[in-house]
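Colleague: This is the structure I want to talk about, given as structure tokens.
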Amino acid sequence: QYDPDSSSQIIDEVEWHNETSPGTVHYFRDENGKLFSYVFGDASCQARMETSDPKPLSDTITRSGSDETEATVEQMPREQITPPHTPSTTIRQSHESSSFFGGRRRRHHHHHRQPHRSRRYEISNSLDSTQQEQQTQHREHQTRIKHRSVKGQTYRLKLFHRDIMVPFDRLWLLTVFDRDRSIAECILCIFLAIIVSIIGIHVLYNDIYYDLEILVYCCVMAASQYSLLKSCQPDVNTPVHGFNRNTAISRAIYFCLFSSLLLLIHKLKIYSWHFILFGIIFSNITVCYMIYNILSIILLCLPLLFLFGLLPQCSTFFLCILENFDMHLFGGTAMVNIPGALHSCLLSIINFIFLSIIGYYGLLIDTSKDHLQNILFSIYCGLTVSICYKLSRGSSNPNVFWNMIKYDLLKMKRIIIQNEDIQDPLPDELRTIVKERLQSDILLCFLICIVVFAAHASTTFTSLQPILNYIICSIVIILGTLFHYVLPQVRKQLPWLLFSEPLIKQADYALFEPTEATKVLFIEKLFVWIIFIEKNILLPCTYLGALSHSAPTVINKFGLLPSILILTLCSMKMLRIGYCNSSRHFLYVLLTTIMTYLMTSKCSETFLLNYFVLSTLTEKLIDFKEKLNFIFVYCAPWQISWGSAFHAIAQPFCIPHSAILVVQCLISALLNSPLMPLLGSAAFISSYPRPIKFWEKNYNTKRIDNTNVQLQAQINEFHCGLDDNNLNAIFYEHLTRVLQTSLCGEIQLGRLGKVNTGDFFILTSDSLNCMIHLIELGNGFITFQLRGLEFKGTYCQQREVEAITEDIDKNRGLCCCEAGRFPHMLSLNAAFTQR
């Protein structure tokens, strides 16, 4: 029904406070006795003062008097205020009386001063005569309210041209089922539920589990299906607040993935084959049984893994898998998002197949010679170097490249808004830069292919073996040690944590914040030239010498087809690491040279195979060492001052945990999972595996003002300039644009020291501090993210500046005495503390 005064629709009245269906009416009284009502789903979202009491009153109560506080109560039509059969009255009152009951109390007090017994007796008799009728109407009214409340909880669902009544309200439905935002989500959940059932039936049919394990597996399968209907929100591994659809479907996806792998291994373990690598016999049966047992246990423990948050959400898991696949197999860099990871992996696989086909036909021509000197195989070597050079020059984010293809090559029309006063110039600048780099890269790839082809076709790398390999590897190791280890150390603030100041200083070293561009030193120019020689001369020579030395041995050991796959895979990884991360390349060459030429042949393989394996193991060992270093620094006794009281109490009890902690660090390094202190104590727990860009949520802030948002949108949707994100976005955008034009050049000049993928840097000035996280480190480009902006005047900014500018020259302690220190060097206590 409609209320003519308020122009709102009243659907139902209820007597229970838990009923919150749209359209229901709730009544309440304030502290003064006023009656108010509010309607769920009303656009006004305000409580209205009602003149009707839901409890029935007398139909007609009239009185008049000559008092100065006079009130009149009249009966109004019930249909105008409340639903049918609901007693309703309207109160008209003078300015001093606030309600019917208040006016009634004032009238009673007035008549007490001037009694009119006959009039009170008449009103009393009128009330007594209608009491039974009121009670009857009240019971009927309550019954109708209950019926209408039940009716308000019923939803009509149309299914196959028929109406199905669902006796639930909105809140009850949300407690039973998750709300699907689109039809695609509903179809995906149905599809996953079907796949879970099919895979689960196949696992049970193959008799993989027995006895109680079958019951546990069925419970895990039922939990995976039920999570599609009602998920655990918020889950332990969710990176956002509120409802997260990724965690809702993660359990079903993990169940399907692990069960599919279990079925695959179950089928493969019947085949028998083995191979010998690094003196170790790898049997198919042994490897398959080991993986089979691990997967079968993981499947039964899935509820516990989800309970403790040891598995990430599905999007993070896929990004981590794709990133490790591209980095450890093809020598790629870190990934920014899933589309970029798919693009990079697909590009690497296509080039790998293309090079393997060319190399396979090059080996088919003549495999009798020891050094495989033929034209097609030389073309294979030239294409491998040129393609790896091109892969190292491109980012994993393909948006700019695809926009260039659409708008420049395909000549697609762009929609340009002419009303904007200020347009963002960055997209056009990036597209122009990528276009120019692509043109120059095509020319350079062609030249590299010709030069490498000519070098391999000659007899240089065949007649001078193995002396030439020794010479090239020695040059690489010496230059790498000088310019990737010694030079960054002497330019550090505390070289080797022994000296109190840099041995090679900038011209403006004494200034905290220079006002002009820093002068380029001669050592920086020399560093750029050495890096150029390493990437474009020494790296191809190292590859050609290693390939000429490794190819005959690999072919004789593994056969023709497996050997070309192994050679192509190892070559791509070696070349892409050398182009993208030259600061680690010399270390891998050093370890590979020691293993190849100094160890026995039973424990070693060829140069390319050793490089492939040692590069991965070295990365994991460096990660393991950094995790242990963090734990030692965090648990040091002199760090209790910034820890909690529990830190000091729990530290002695964590001494027996040290052995387990080393194993935990090793597992964490293998799985790329970070360590977290437990309640600020010396005990650590492992999180779920994460990629290099380990922040899963996108925290990008965008400035909102008159230049990029219309006035109508500002009024309706945004609170322009009223939130912290909008204020911070101005500084974030400015700093990001400045760093985009200068940070890569600073790294190439060696001013930030030895830089690797995933490193953090804290930049500080007089006004603010910020933190930079390097994600991708390619050949001539970087991808970074800016976080942790702290302004001057905050406690965090003050503490960071104090820690960075801490003067440790005054420390002259030697154990328990003040023995002094050597000039320009740290004292023993200061050197120990810095470590």
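Backbone N, Cα and C define each Cβ position, glycine as well.
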Colleague: Among 212-229, 248-265, where does TrEMBL put the label transmembrane segment?
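Modeller: That would be 248-265, the stretch labelled transmembrane segment in TrEMBL.
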Colleague: According to TrEMBL, which listed range is transmembrane segment: 585-609, 760-784?
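Modeller: Of 585-609, 760-784, TrEMBL gives transmembrane segment for 585-609.
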Colleague: Give the nonlocal contacts of the transmembrane segment (558-579) in its own chain as ranges (CB under 8 Å, at least six residues past its ends).
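Modeller: Contacts with the transmembrane segment (558-579): 275, 329-332, 348, 351-352, 355-356, 359-360, 363-364, 367, 384-385, 388-389, 391-393, 534-535, 539, 542-543, 546-547, 550-551, 585, 588, 608-609, 611-612, 615, 778-779.
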Colleague: Could you name the stretch, out of 248-265, 438-455, 467-487, with the greatest number of CB pairs under 8 A to the transmembrane segment (299-321)?
Modeller: 248-265
Colleague: Mind checking which residues of the chain, 6+ beyond the ends of the transmembrane segment (585-609), have their Cβ under 8 Å from one of its Cβ atoms?
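Modeller: Distant Cβ neighbours of the transmembrane segment (585-609) are 277-279, 466, 469-470, 473, 476-477, 479-481, 484, 534, 539, 542, 546-547, 549-550, 553-554, 566-567, 570-571, 574, 577-578, 615, 618.
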Colleague: Below 8 angstroms Cβ to Cβ, which residues of this chain, lying six or more residues outside the transmembrane segment (467-487), approach it?
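Modeller: The answer is 460-461, 504, 523, 527, 530-531, 533-534, 538, 541-542, 545-546, 549, 582-583, 585-587, 589-590, 593, 597, 607, 750, 754.
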Colleague: Sequence-remote contacts (6 or more beyond its ends) of the transmembrane segment (341-363), Cβ cut-off under 8 Å?
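Modeller: Residues 318-319, 322-323, 325-326, 329-330, 332, 335, 372, 374, 376-380, 383-384, 387, 391, 396, 398, 555, 560-561, 563-565, 567-569, 571-572 contact the transmembrane segment (341-363) from elsewhere in the chain.
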